[in-house]
Structure formats: structure tokens, C-alpha cells
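Quick look at what Swiss-Prot annotates:
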type	residues	note
ACT_SITE	Glu99	active site, proton acceptor
BINDING	Cys119, Cys123, Cys126	[4Fe-4S] cluster binding site
BINDING	Gly162, Glu163, Ser194, Ser217, Leu218, His219, Asn293	S-adenosyl-L-methionine binding site
DISULFID	Cys112-Cys336	disulfide bond
DOMAIN	105-330	domain 'Radical SAM core'
Amino acid sequence: MASAQRHSTPDLVRQRDPAGVSGLSLGLTSSEFAGLHEGAVPDVTYRELFFPHADPPRRLQNWARSRGVRLRTLTRIGRDQGGRSEKMLFGLHDGYAVESVLIRRFDGHTACISSQVGCAFACRFCASGQAGLMRNLEAGEIVEQVVRLGPKVNRIVFMGIGEPLNNYQQVLKAIRILRDRQGMNFPTTGITLSTIGIPKALKQLREEHLAINLTISLHATTQEVRDRLIPGARKHPLGEVVERACAWARRHNRPVTFAYLVLPGINDSIADARRLAAMLRDSPARVNLMRWNPVDGVGLQRTPDRSLAHFRTTLENALVPVVVRDTQGRDISAACGQLWLRDLKGLPVGNRPRQGRMT
């Protein structure tokens with residue numbers, strides 16, 4: 001990593017109640033909240049659980065303190081030079097801490113949130129899976145990241161630590177809680193779920209009544225190259241991933257975005273661009289081209305501007321909608337692929353990335 005922050009966070013402690021207040025409140029829909037046994041939660045309305053965002057309601061804080069339960073907190077561990085991006089450390093009851101990112105825009109804020117404690121898919125270009133998968137985040141833990149990132153959040157991207165579709169039930173429950181009209185009433189059109197593409201889960205997602213945005217981390221045009229870049233996805237055929245994603249797009253009448261990380265000498269040839277164009281021809285799809293965000297110890301390189309331009313032009317000539325995506329927060333290791341699983345002191349968990357250049 002460009003800079004591994006190591007901050008003491010004494011207020012992030014192990015909770016006496018593992019579920020914590022999130023398990024009793026932020027992890028519930030309004031109907032579930034209304035059905036709680038009388039006295040289980042203080043005299044707080046469902047909406048008050050989410051507003052104001054920055055701090056939990058005082059009555060909820062006092063109630064939690066009287067029972068020896070600490071509310072999870074979000075601690076800032078980095079801010080980029082322009083002040084547009086902030087990296088946060090979200091402490092968990094079991095001693096782990098996942099990273100979230102707040103991105104400021106002129107028309108609101110974007111919350112980049114995590115869905116798992118670690119990741120099982122070991123993407124070659126990403127720091128988040130270096131320690132493997134420890135556990136899934138609960139719906140309340142997912143929702144609480146958004147709540148603590150502040151009232152100006154109007155876009156949510158599941159692009160932090162973890163594979164959202166590998167935690168399907170809790171992620172979908174979190175989205176429903178965020179959408180609940182009696183709570184945050186968050187528009188689903190402001191929610192983007194980014195996934196490597198698990199065909200079975202994509203088929204299930206197709207039947208959900210959720211008008212979210214879907215991004216598929218594709219990154220290759222052949223199974224061989226994708227298996228090298230995303231070892232955990234070897235059992236998911238590339239063609240089936242694309243087919244399921246496009247079926248979702250047709251079902252919901254909205255385009256699916258395919259993210260493509262352009263890596264020199266690996267997947268950046270004109271032949272790759274032509275294969276990608278052929279793969280997506282006449283599909284309700286668009287492409288986001290991305291540059292690699294450096295991670296310490298990973299033998300990859302950022303693609304030169306000229307190669308990226310040639311790749312983009314090839315797609316445009318084939319009439320495939322394409323943009324080059326700009327990434328915020330790279331100078332504080334808060335960009336895509338740079339988030340680490342940490343402990344409560346802010347130290348990275350698990351092994352560092354493998355040394356050496358990918359061949």
C-alpha cells in the first residue's frame with residue numbers, strides 16, 4: 001500500500017452483546033422493529049435510528065451504555081489531498097475492522113461500503129482478499145456504515161471489502177432496510193452492487209424487485225486470463241456470467257456495467273478489445289475501463305494512456321458504450337482494490353500480497 005495508516009482506536013471495543021445495537025435496530029426493517037418485545041428497545045422511533053446520521057439518538061446511546069453495549073463507531077484514518085475522499089475504519093465486535101470510503105461530490109456524497117469481513121475470491125489486483133474470508137457482515141453492520149458516513153450520502157456502492165453476492169441474504173436485507181420508507185427511504189437507483197458475477201446468485205437477483213444498478217467485475221475476455229486474475233471465480237464460466245448479467249439487465253430494463261481493469265501485457269491487446277466488443281454486441285451493457293490502483297507487493301503495472309486510448313477506441317468503433325472511470329482516493333489507499341481488512345488498532349490482518357510480477 002502507498003501508506004499503511006496505524007491508528008489507535010480505543011473506543012472501538014469488543015461488545016458484550018455480539019449483535020450490539022445494530023442487531024436490535026439497524027438490522028431490522030420497520031415491520032420487524034415494530035414487532036420487538038416491549039422494552040427491548042428504548043422509546044425511539046424507527047426513523048430516529050437513522051437520523052441524524054452522524055450520531056445515534058441520545059436515548060439509544062444511554063440505553064446501550066446502561067447495558068454495557070458499545071455502539072460501533074467509524075474512525076477516519078485518511079483524507080486525500082483534495083479533501084474529496086475520506087477512508088474510515090469501521091470497528092466490529094469480534095476484533096476486526098473493515099474499511100469504508102466517503103467520496104464527496106458537488107451533488108452529494110457517495111458511500112463505498114464493505115459487505116464481508118475479508119473476501120474469498122483472492123483477486124490478484126486487490127488488497128481486500130489477502131487475508132481470506134473471515135465472516136459475512138450482518139445487515140445491521142452494512143447499514144450502519146451508511147448511517148455513520150453522514151446525512152449527505154445519496155449514493156451507495158457495494159465496492160468495499162467482500163463479494164456482495166457471496167453474502168446474498170444479508171446484503172439484500174440491508175438494501176431493503178435502506179429503502180424502507182419509514183427509515184432512510186433511500187432510492188434504489190442510487191445503489192450500485194459490484195460483483196465478480198456468481199451465476200446462481202445473478203439468476204436469483206434477476207427475480208428480485210429491486211431497481212438497483214449492477215456492475216460486473218469482468219477484467220478479462222478469456223477464461224484462462226480471468227482465472228489468473230480472479231482465482232476464486234474459476235468455477236464460474238465467463239460466458240455464463242455475461243449471459244446472466246445481461247438477462248438481469250433485460251428483466252429490469254436497465255443496462256449492466258462491465259468493469260474492465262486494463263493491465264499491460266495481460267488483457268490490454270486490441271484482440272482483447274475486439275473479443276470484449278463481440279461479447280457485448282447487441283447487449284444492454286456498457287463498459288467502464290479502469291486503471292490499476294497500486295497495492296504494495298503486487299507485481300502489476302498501470303496501463304499507459306496510449307494503450308488505454310486504443311482499447312477505448314476499439315470499443316467505440318464497435319458501438320459499445322464505454323467510459324474511462326476516474327478513481328478518487330488513490331493517495332490514501334482508498335481507491336478500488338486498495339482496502340484492507342484490519343484489526344481494531346488499524347493494522348492489516350493476514351498475509352501481505354504475493355511478491356513478483358504476474359505472468
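Cβ from N, Cα, C; glycine included.
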Within 10 angstroms of Gly162 (S-adenosyl-L-methionine binding site), Cα basis - recorded positions out of Cys112, Cys123, Cys126, Cys336: none
Recorded positions clustered about Glu163 (S-adenosyl-L-methionine binding site) [Cα within 10 Å; pool: Glu99, Cys112, Cys119, Cys123, Cys126, Cys336]: Cys119
Proximal residue to Leu218 (S-adenosyl-L-methionine binding site) among recorded positions Cys112, Cys123, Cys126, Cys336 (C-alpha distance): Cys123
Secondary structure of Cys112 (disulfide bond) (DSSP, helix/strand/coil): strand
